[in-house]
Amino acid sequence: MSPYTLSMLMSSLAVGTTTTLLSYHWFLAWMGLEINTLAIVPLMTKMHHPRATESATKYFLTQATASALILFSTIMNAWVTGEWTIIDMNHYTSTTILTIALAIKLGIAPFHLWLPDVLQGLNMMTCLILSTWQKLAPMALLILTSHQLNTNLLAVMALMSMILGGWGGLNQTQTRKIMAYSSIAHLGWMTMIVSFAPNLALLNLLVYIILTSSMFMTLMTMSATNMNKLSASWLKTPTLAALTMIVLMALGGLPPTSGFLPKWLILQEMTKQHLNILSITMAMSALLSLFFYLRLSYAISMTSPPHISNSNLSWRKKNNLQIIPMMIVLSTMMMPMTPTLLVMN
């Protein structure tokens, strides 16, 4: 792809997300979402492969359906209440349709089936953009309207996302599909807490973006698209392979990594709301996700690829992603911020 075309598409992505984040009128927010969708589709098809074309088609149809539902719900709300502002969604049917539309946009269960298939057909950089940057605008709308959305519906979808996100990743061997199910599970945690403490949902989104970016960047550096290639990574980049296991533990939410921070605060807030059974179910569902993170760690550290070279030295690629060390540090060392966050909360 031409650098000029790439810069134009990346600028459009930035403009679309910024437009949605800064808007107070539903039509302007909808325009930002549409710019985002139209800018990411050419990036998805730049590989000129049938699977990439299939992924782009699935993504476009899914996002177009969600955008149409958002527009329909806002028009219905404007018809009933006369309000177009984002924070004034007072019509019950409109808020229910909006909840479903944002769930489709984000890939929250039971509207999650498009996400693993789409990510599997893309290259790692586009997967990174799709899993992080493309979540910002819909999640911002979800946080802005969280006090008006159907809490019971959000809780059911969030619990389904946690369970299905962990369950779906158990028998996967492709790293992109594993990261897709990881994204679904993390979105479940954000959706669950957004009605009770939107600031914790925002913190979880920040930590999720840091962890997912770190993982995709390490996978790009190691060129690991499946578990067999991941098992050979210690020959190519031994230091990065060791750090990758720490990032995987952070994704699983083990202390003292950064991934433990939002889960701890969310479970604390849920118990304050006297939702003890729901909190126990959430904690148990996190074990499903932890299993396939441990499975990836096992593949990196304790398995050897077939037909291994007898030479002591292996071909090692030069790392062009200089931001990886900083991202890994953020993935592992944010726990000391907890007292400050609790005071701010």
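Cβ coordinates come from backbone N, Cα and C, glycine included.
From a predicted model like this one, the values you see are computed outputs, not experimental measurements.
What TrEMBL lists as domain 'NADH:quinone oxidoreductase/Mrp antiporter transmembrane' is 23-288. The domain 'NADH dehydrogenase subunit 2 C-terminal' annotation in TrEMBL covers 290-341. Taken from TrEMBL, the feature transmembrane segment applies to 26-47, 59-80, 92-115, 153-171, 203-222, 234-254, 274-294, 323-344.
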Beyond the flanks of the transmembrane segment (59-80) by 6 or more, those residues with Cβ under 8 Å of it: 26-27, 30, 33-34, 37, 40-41, 44, 88-91, 93-95, 97-98, 100-102, 104-105, 114, 118, 130
Same-chain residues at least 6 beyond the ends of the transmembrane segment (153-171) whose Cβ lies under 8 Å from its Cβ atoms: 96, 99, 103, 108-110, 112, 116, 177-178, 181-192, 194-195, 278, 281-282, 285-289, 291-292
Chain residues outside the transmembrane segment (274-294) and at least six past its termini with a C-beta under 8 angstroms from it: 155, 159, 162-163, 165-167, 169-170, 172, 178, 181-182, 185, 188-189, 192, 248-249, 251-254, 263, 266-267
Overall pLDDT for the domain 'NADH dehydrogenase subunit 2 C-terminal' (290-341), taken as the rounded mean: 70
